[in-house]
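The following features are taken from TrEMBL:
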COMPBIAS  17-26  compositional bias 'Polar residues'
DOMAIN    248-452  domain 'Major facilitator superfamily (MFS) profile'
REGION    1-36  region 'Disordered'
REGION    430-452  region 'Disordered'
TRANSMEM  44-62  transmembrane segment
TRANSMEM  68-88  transmembrane segment
TRANSMEM  109-137  transmembrane segment
TRANSMEM  201-220  transmembrane segment
TRANSMEM  256-277  transmembrane segment
TRANSMEM  283-309  transmembrane segment
TRANSMEM  316-334  transmembrane segment
TRANSMEM  340-365  transmembrane segment
TRANSMEM  377-398  transmembrane segment
TRANSMEM  404-424  transmembrane segment
Amino acid sequence: MDPARCRRRRDRWDGETVTTAPSAQRATGPESEPLAPLRHNRDFVLLWVGAAATALGARVSGIAYPLLVIWTTGSASSAGMVGFAALLPNLLVQMHAGALVDRFDRRRMMILCDLGSLLATGAVAAAVVAGHVWIWLLMAATFVQGSLAIFYRLAERAGVRHLVPAAQLPKALSANEARTQAAGLFGQPGGSVLYAVGRSAPFLLATAAHAVSLCSLLMIRGKFQDERRRPPGNLTEELREGLAWTWGQRFLRCGMLLISGSNLLFQVLSLALILIIRNHGSSAALVGVITAVSGLGGMFGALTGSWWIRRAGLRTLLIGGSVGWALLMPLVGLTGNPLLLGAIFLGAALIGSVTNVAGGIYQVAVTPDRLQGRVGAAMGLIATGASSLGTFAGGFALQHFGTTTTVFGVASLMGLIALASFLLPAAPLPRQPGPAEESATAGAADPAPHDD
């Protein structure tokens, strides 16, 4: 057979049939030419820088919202309402965003997201400069930011596989996770410090960051998706298709349900941290220092993610992560020492970034390109859809029961999640297919979802 023609190879992972692209096989073969480092890939670097700016702006403004509310009003319930608005898009917008990401030009969609986020943070900055702290405005701005962030994230994750060779996809996704952790490392403490300098400063910086991302996207030349070979179908049917495909992958389904529970609990824990610091008479800047320390853990986890993946399967990583979180959470209720709190959140962030890298590689590798947006959205819906309820309920729980009781309650629930993680099915990490897979196999049916 002509080597230029694509062959289909079917490997079996947990009863799921996945098609591996010949381009990915050649890229890892002994006779393949060495690939240029990702830092020499112009389009990938531009995308990475733009997404880094967007993530930085989101982290800076994200920590500033609860600081602004708590230090201005002293109300944990109001802070919980603003946090609820920020995370509500995970529940309401996720699936429709995924379908639209698969329908329309992903790069243009990301540009529109930056424009909208720029306007939202700019409006908050203007109001704060004028001396107004309106809860309704903060809730509206965080909802808009959260919604557009979902569109942006799904479009970027679906598009990155078109800008890098298939063999470099794991490195690219690890670099993206490191970027996200770096944004948390510098963004959250930076937001706290900026807030101490001036209440509007974090929102002004976030506005500038979205402008940088916008410029980077405008300079990218490559396409973010394959040419569409059929007209878009009914939106409701497409949403069902994405959910059905994701739900049919047993490991994705079970793993994301576990992550959903842990994400909900961490929203409560993050709000509890701010109250613990405030109740001990410390400044908002200390919150930034602790989040910076946790960011170091996230960075280390992202940079060593491939090392962990080579030595442990996805199932082992999720079980170990759940158990680790269950051991760390109750310690938050036992101390107000900033050093100990920093160490606790450092460990939690390290675990989270390793599991994020592994899960991201698995999802991108096994999902057909035309379903990337919808499957990513379905996973996001399952994993983070309940997070908004965590901040909403957590704010009221902290207001009425106090930090210690609430933290111990959260830790008990995490212990149950850790026990449930031992029921996860096995899922060896697959090879990564490239975008050429779908164009080479045009007209071939996607692997049918099925539940073992």
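Any Cβ shown, glycine's included, is placed from N, Cα and C.
Contact count against the transmembrane segment (316-334) (Cβ pairs under 8 Å) is highest for 404-424, out of 44-62, 109-137, 340-365, 404-424. Sequence-distant contacts of the transmembrane segment (283-309), counting only residues of its own chain at least 6 positions beyond either end whose CB sits under 8 Å from a CB of the stretch, comprise 63, 67, 71, 170-171, 174, 177-178, 180-182, 184-186, 188-193, 195-196, 273-274, 277, 317, 338, 341-343, 345-354, 356-358, 361, 429. Long-range contacts of the transmembrane segment (44-62) within the same chain, counting only residues at least 6 positions beyond its ends with a Cβ under 8 Å from a Cβ of the stretch, are 38, 86, 110, 114, 117, 121, 124, 145, 149, 152, 156, 159-160, 163-164, 172, 175-176, 179-180, 182-184, 186-188, 190-191, 194, 202-203, 205-210, 212-217, 219-220. Within the same chain, residues 66-67, 70, 76, 79-80, 83, 87, 284, 286-287, 290, 318, 322, 325, 329, 332-333, 336, 338, 341, 345, 348, 355, 359, 379, 382-391, 393-395, 397-398, 403, 406-407, 410, 413-414, 417, 420-421, 424 sit at least 6 positions outside the transmembrane segment (256-277) and bring their C-beta atoms closer than 8 Å to a C-beta of that stretch. Cβ atoms under 8 Å from those of the transmembrane segment (404-424) belong to residues 251, 254-255, 258, 261-262, 265, 268-269, 272, 315, 318-319, 322-323, 325-326, 329-330, 332-333, 394, 397-398 of the same chain, restricted to positions at least 6 beyond its ends. Long-range contacts of the transmembrane segment (109-137) within the same chain, counting only residues at least 6 positions beyond its ends with a Cβ under 8 Å from a Cβ of the stretch, are 50, 54, 57-58, 61, 68-69, 72-73, 78, 81-82, 100-101, 144-145, 148-149, 151-152, 155-156, 199-200, 203-204, 206-207, 210-211, 213-214, 217-218.
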